[in-house]
Amino acid sequence: MRGARGAWDFLCVLLLLLRVQTGSSQPSASPGEWSLPSIHPATSELIVSAGDEIRLLCTDPGFVKWTFETLGQSSEITHNEWITEKAEATNTGNYTCTNGGGLSSSIYVFVRDPAKLFLVDLPLYGKEDHDTLVRCPLTDPEVTNYSLRGCEGKPLPKDLTFVTDPKAGITIRNVKREYHRLCLHCSADRKGKSVLSKKFTLKVRAAIRAVPVVSVSKASHLLREGEEFSVMCLIKDVSSSVDSMWIKENSPQTNAQPQSNSWHQGDFNFVRQERLTISSARVNDSGVFMCYANNTFGSANVTTTLEVVAKGFINIFPMMNTTIFVNDGENVDLIVEYEAYPKPEHQRWVYMNRTLTDKWEDYPKSDNESNIRYVSELHLTRLKGNEGGTYTFQVSNSDVNSSVTLNVYVNTKPEILTHESLVSGILQCLVAGFPEPTVDWYFCPGAEQRCPVPVGPLDVQMQNSSVSPSGKLVVQSSIDYSAFKHNGTVECRASNNVGKTSAFFNFAFKGNSKEQMHPHTLFTPLLIGFVIAAGMMCIIVMILTYKYLQKPMYEVQWKVVEEINGNNYVYIDPTQLPYDHKWEFPRNRLSFGKTLGAGAFGKVVEATAYGLIKSDAAMTVAVKMLKPSAHLTEREALMSELKVLSYLGNHMNIVNLLGACTVGGPTLVITEYCCYGDLLNFLRRKRDSFICSKQEDHAEVALYKNLLQSKESSCNDSTNEYMDMKPGVSYVVPTKADKRRSARIGSYIERDVTPAIMEDDELALDLEDLLSFSYQVAKGMAFLASKNCIHRDLAARNILLTHGRITKICDFGLARDIKNDSNYVVKGNARLPVKWMAPESIFNCVYTFESDVWSYGIFLWELFSLGSSPYPGMPVDSKFYKMIKEGFRMLSPEHAPAEMYDIMKTCWDADPLKRPTFKQIVQLIEKQISDSTNHIYSNLANCSPNRERPTAVDHCVRINSVGSSTSSTQPLLVHEDA
């Protein structure tokens, strides 16, 4: 058959050649005479089965060609007959016959294949806000329920609409960005069964609705010749189709070499870096460089300025007149600004050829990286007359030195430096002062110490003036007394607009001779000695008083509020709180161990209490006591702390009172013992083993890591702070639930931990733990707030940790050595934890429930940075206070989820009334912790005996409950089976 068809084709070609050469007996159709070619079979659709023949015949007077199209692909032949011997599903498509006049007729052929109901064209792309076609045409048009389905039975988005076409596929209308990565199947029912196509994953190209975002690493550059110029331009857009380039304004020629690097950040964020570099900049490279980017929406640009100088420079700008007048005893600040490039290496202030080592500061005018302007300030306090003169500021860098001199004149009353009688019969006064003093001479009869009624002024014989190094004007004045014939007193009086002073010469005639004159001295040596002694005594008393006031005074940090008037809180005097003697515990039943912490006033000691639970049971406790050197003030403060703890009652997340010894010896306060010490040191120990995940399925990995390491310190490690000592235990792999459940009822009843459960301190730390700590501390603070109690020193160092990783809020108080703790900064006569304090507490000494919320936000930052100090690298100085006033806040710590950082930021709101309450914080964190952690915490809270369940109410409502709740029993002294 194929041979016959080949012969037929050859014959047709031969006839065509003959027709071209000899002409045709039939005239060619003119363009206006063409008609549609006809196709046999004469139908718009044809259905054949797989394996059958497809035979299509096109009839037309002229030549024709067949075109087959399916899934965007096409093929063609120039015969008038299309034959496919064994049809396959892929032969499904549109067959078009076109004649020489461009007219065409079509027939759509379905090749029914039971094994292949859909033709699939992958991948699937769509453009936002446009329709997109899912190319899954049917091979059998007689199926039903042709539609789209989500993969794995997932529903399609509610707003997704589509239309079906068995020949083309399914068109999704108005594609949205949210459909990106949507998994789809085409589906249809055949013979009562649902059939699915291959999986489609829709990739949405975002619609461009804005110009690109363009930024540069540095807005201006100042360089010396030969230095490298490098600037980075960052372009962000939703699509990689964005175009970008560097352009030098007004100069198409440049030596700069551009480099480009790009990547996708997520699904709809495209980032491109355009770096421009000049390896060795020259002066003529100076100019403005523009980073230009455009997309289909529009264009954007940003510029950076390059200035290249031949050599470095320093330009000084005094911020005041170079001549300054100041009154005696006043303060003055000498301020200069200067520009320097390269950076200044040496700065100093010089006075009278002497370098000043203090009283001045030098700092950049802004924190901008390109800043070249600096400020230097010299602070002169309570200037004296002899401290005037020239003050010179000198600055240098690697290229140049520069200086500026300021002349300071101190307005002082005249001072008589010398007054003497010269052998030649001349009286002389040497006077210094500013402005220039006027010297007058007066005579009065009689040998008086002062002239009650002066006569004169006398004629001055000689007077001249000069300038002293300190800026004073020195006047030398003299008169001739040889003409005097009578006893008398001569007064040298110096004055200016600041004041006046005098010196006296008295003399007498004896016979015909004149007695040698002596200058009068105002004070006798005895009077001078008395004044000096009195001054020294005053200085000694002031020093002793200052040292006494600087001594840190101990007070209870926790304050109980009695009344709120606006922002003014009235606190209950803790000494007026009642104390129930049922808390008393026999001293002889306490056995003391090691010291857990010590401060200036007292210490906390580990102890064993016998009979606290039941008569034959021992319990490890912590006992707070005063040192023997404590005064009455400290003893009253410790008693106040005891009363506050007894007033508060019990809660799972505070260090609870167990008992006290107040009679028959020094006061002892017995509280719960927390074996893992403070949370701050616990976090720092766990940094290396931290797992940045809160999923339970990481538990075994974390434990395996810990078992391979050398053992970390735990409750069994005597080297740890605040640690109990127990024998070692054997280990099995526990779960997180075991870890917290092992505490059972927290630390209220001391018991041995089951050896099969690994010690909490040897387990790795993960994100779930940090969320749990956040939640527990918020619960504890909500309890304190419900009792109208303000903590005032909430920080990780004041949170203790016990079995089951239960956190407990405490007040170390007298057991903390704040004098040697860098977290406590001297402010006035107190040492305060400034970095944890709210602005209203720092600047206005206002402590409220809201200021505790601020401190809680700082605590969260400590927690999620695994024990780092807040505001790292920033000393507490005037700049720190200024930044806090201006709204500076810390960035998110490394391990904080976005939701927790949002809580931190709300805690740091400048308006205290906009900060959340602790009750609201608890609700926010509850949404983040896992159900298992929340369930375990609830069980621990429920099984603790006599637990109060306070409801954190509004602050104004809390006040009504003050003083109404004092515990009459010892709620923690219960039997083990309670």
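All residue numbers here begin at 1 and follow the chain in the order shown.
Backbone N, Cα and C define each Cβ position, glycine as well.
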Just choose from CYS151, CYS186 the cysteine that Swiss-Prot connects to CYS183 via a disulfide.
CYS151
Write down the residue from ASN284, ASN942 that Swiss-Prot flags as N-linked glycosylation site.
ASN284
From the set ASN487, ASN716, which residue is assigned the annotation N-linked glycosylation site by Swiss-Prot?
ASN487
Going by Swiss-Prot, the cysteine from CYS97, CYS136 that pairs with CYS186 in a disulfide is CYS136
Run through ASN321, ASN820 and tell me the one Swiss-Prot describes as N-linked glycosylation site.
ASN321
From recorded positions ASN284, ASN353, ASN401, SER822, SER892, the one whose Cα lies nearest ASN94 (N-linked glycosylation site)
SER892
List the Cα distance (Å, whole number) between ASN487 (N-linked glycosylation site) and ASN353 (N-linked glycosylation site).
49
Counting across all protein chains shown, how many other Cβ atoms sit within 10 Å of the Cβ of ASN321 (N-linked glycosylation site)?
9
Need one number: mean pLDDT over the topological domain 'Extracellular' (26-525).
86
Which entry in the list of recorded positions, ASN284, ASN353, ASN368, SER892, has its Cβ near the fewest other Cβ atoms, using 10 Å as the limit?
ASN353
Give me the Cα-Cα distance between ASN284 (N-linked glycosylation site) and ASN321 (N-linked glycosylation site), rounded to a whole Å.
38
Helix, strand and coil residue totals from DSSP for the domain 'Ig-like C2-type 1' (27-112) stand at 6 helix, 46 strand, 34 coil
Just the number: how many Å between the Cα atoms of ASN321 (N-linked glycosylation site) and SER892 (phosphoserine)?
46
Cα-Cα, SER892 (phosphoserine) versus ASN368 (N-linked glycosylation site), nearest Å, comes out at 22
